[in-house]
Amino acid sequence: AGRCGPAHRRRTVPSLLRELAEKRQLSEEIVSLLQAQFSDLPRELHSWRQMADYSPEMRQFACLLHLYHIKAYDYLRKILPLPHPYSLTNWLSNNEAAAGFSSDIFLRLQEKVERGDQAYRYCAVLVQDVSLRKQQEWDPQTKRLTGFADLGAGTLDADEAPLASEAIILMAVGMSSPWTAPLGYFFVSSTSGRFLAQLLRQAINKLNNVGIVVLAVTSGASARGAETARALGIRIDPKRTQCTFQHPPGSARSIAYFFDVCHALQLIRNALQCFQKVEWLGGTMWWQHVVELAALREQRVLEPCHSESGVAGSEGSYHLKVNLATLLFSEGVAEALEHLQKLGLASFQNCSGTVKFVRLMSSLCDVFYGGGLYGKDPLLAGNYTKISNLFDEAKSFFVNLTDSVGRYIIKSKRRLGFLSFLLNAESLKWLSSNYTCPEGTPSHHLHTHAFSLDPLEQFLRALRQACGSSGSPTCAVFQAAYHKLLASCSLAPGSPHRSGSASPWDISLSRRRDLTLGSIRAQYRPAPARTVAAEYPHSAGLLLPSCALSNALTDLSLYTRSLTCTAGWVAEHLALDLQCEACLASLFEADESRLRCRSVLYIKKLGGVSLPSASVHHVTSISEQVLNWYGKVGGANKNTKLWHLSLEQKVFQELLGESPLFPTLTNHLFERELSIDNHYTVLVKEITRCYLNIRTNPAQHLNLKYPCGRHRLKRLKGNHLFPSPLGICQSS
């Protein structure tokens, strides 16, 4: 600390704080909180200098002042004997699951580094806030009031102290291996970008101290995220982008900054929706094309003569159906728009500009999420040239986008989503050129999962489950849930949090659910009540347990049709909630010769019910056999969950050793280390469960109004021919 002159000796700590407030280096709120919380601290400056050690109150005072305003802290260090900011890192740490940095997590990370585990050499730091319910509570164990702000150095529990309204959570994510480590949390009543910037620097300090190099920081693409970036020294300007910041300040070590990709996509979606059309040199993107695609009604496709049999039409008919699980910014949407334009549908004429925009965004998503031309690891050295060219194209594209009156989008109030992608592109290029190993080198490469908040969202989802309530938790509930989750936290790569069963891919799909065609349809055409096709109850009645015809099976062809229609209803029912485009497409018998992308499906129908795929039909057939074999066993309570689980188990036993199901979902079968809980196995389980529920509780699931008996399926009449090779769609 600097020496004090005569003028300084006459000043007191409260007068210094008031002086800082007048200079607008501290807010009135913080000054009032400091004066109320630390009223017992010495007022005279000389009393501070005479102290041999820092009391808990002085530590708390220093931590709070440093986090909320670094310049004010640096100013007071010239007058008061306040410690160097690096010393505050340990004061912000705690054991167990108290607020602050988790000492146990950092100790375990240090042990892995000291053992020479290269997977823990590099990481990114993610930051996100969680809303809390303001509530003051008495803790009988500590015999203290809780619910106040707590930054790790102690609860701010003065009468004037505000209650905490948010928890700031920090997480480290491996860059070359998918490990995650919750670093800690902080209860705050209000926050700012400058506060988060100081918190991030403290986290980086602690990680550096245990031997881990931080390469990147990721925050939400929000006003607070942008303020945090600027406070760290990031410049978000297409003409003068600064994608890295120095840490420590003034050093030669740089750290890249990313905005969450999902948030950025949502902002771009909002911009397109508000502007309705955006233009650039030689093209126009119309939002209405996307709306028309999402709202497209099911269309019956006229069938040509079958070339082999020469018979016009077929027993069923194909219907064109939009896959509502398709993501807006995907190659599937681009191909669907092109396909519908070729079919001659008036709503999709002149959509080439929309296709170009969607295709560009799809390529950017492939880079940041891993996929498409770049594979699961787009940061491999061999991809650098392709990615760099794509980013240059995107930048030229975004900076020239204008609205309907010629104003540049990049300068409008809807610019943050586009600016986020431009910043992310520069950060990714910087990382690729500085940290990606040359092709063929036997070393780790960098993954892109750390450039979004998906890993942190997976932890937060498990945390919400542990809280046990749907609303915002109180500080006490949050702390108890965090303690429970931390006790089972494993730092091993790819290990899930035990309280949450969702995979990283499921989390990513869930976060992007409002970026699907289904969400767009819901905005413009609210979903009607779920109903069963009018023809379906007639056929479903054949499978009711009380139906004599079902047991006698006097008409095997009719029974087979009935089973097929039931399986088709199962497929339609599951399709309402599926978020995976590939899984939804695999449910139906579809004609893939027309369009290989799964965003538009040509589904075969019979009697108004979609015909299921062969795999769905096989699973339901086995389920029906099991029900016939074991459903008549006496003495068992058939309304218990245990009985249903035993039936499911027997279905799985019958399926073991059978031919592979869902040939289009082979990738899903091997997508996770714990393949027992991937999309492939979950889909088989859900089909079985849905079918058994329908068969054992038909009235509850189908609302059947018809008595059991023989009903004739409605057959499609007429021979439908294509008048041209492309075919014509007509409303069914």
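Placed from the backbone N, Cα and C atoms, the Cβ positions cover glycine too.
The annotation domain 'THAP9-like helix-turn-helix' is assigned in TrEMBL to 19-91. According to TrEMBL, the feature domain 'Transposable element P transposase-like RNase H' maps to 99-233. Annotation source TrEMBL lists domain 'Transposable element P transposase-like GTP-binding insertion' at 262-376. Summarising the annotation, TrEMBL assigns domain 'Transposable element P transposase-like RNase H C-terminal' to 449-483. What TrEMBL records for 546-706 is domain 'DNA transposase THAP9 C-terminal'.
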Tally of DSSP helical, extended and coil residues in the domain 'THAP9-like helix-turn-helix' (19-91):
47 helix, 1 strand, 25 coil
Winner by Cβ pairs under 8 Å against the domain 'Transposable element P transposase-like RNase H C-terminal' (449-483), considering only 19-91, 99-233, 262-376:
99-233
If I take every residue in the domain 'Transposable element P transposase-like RNase H C-terminal' (449-483) and average their pLDDT values, what number comes out?
85
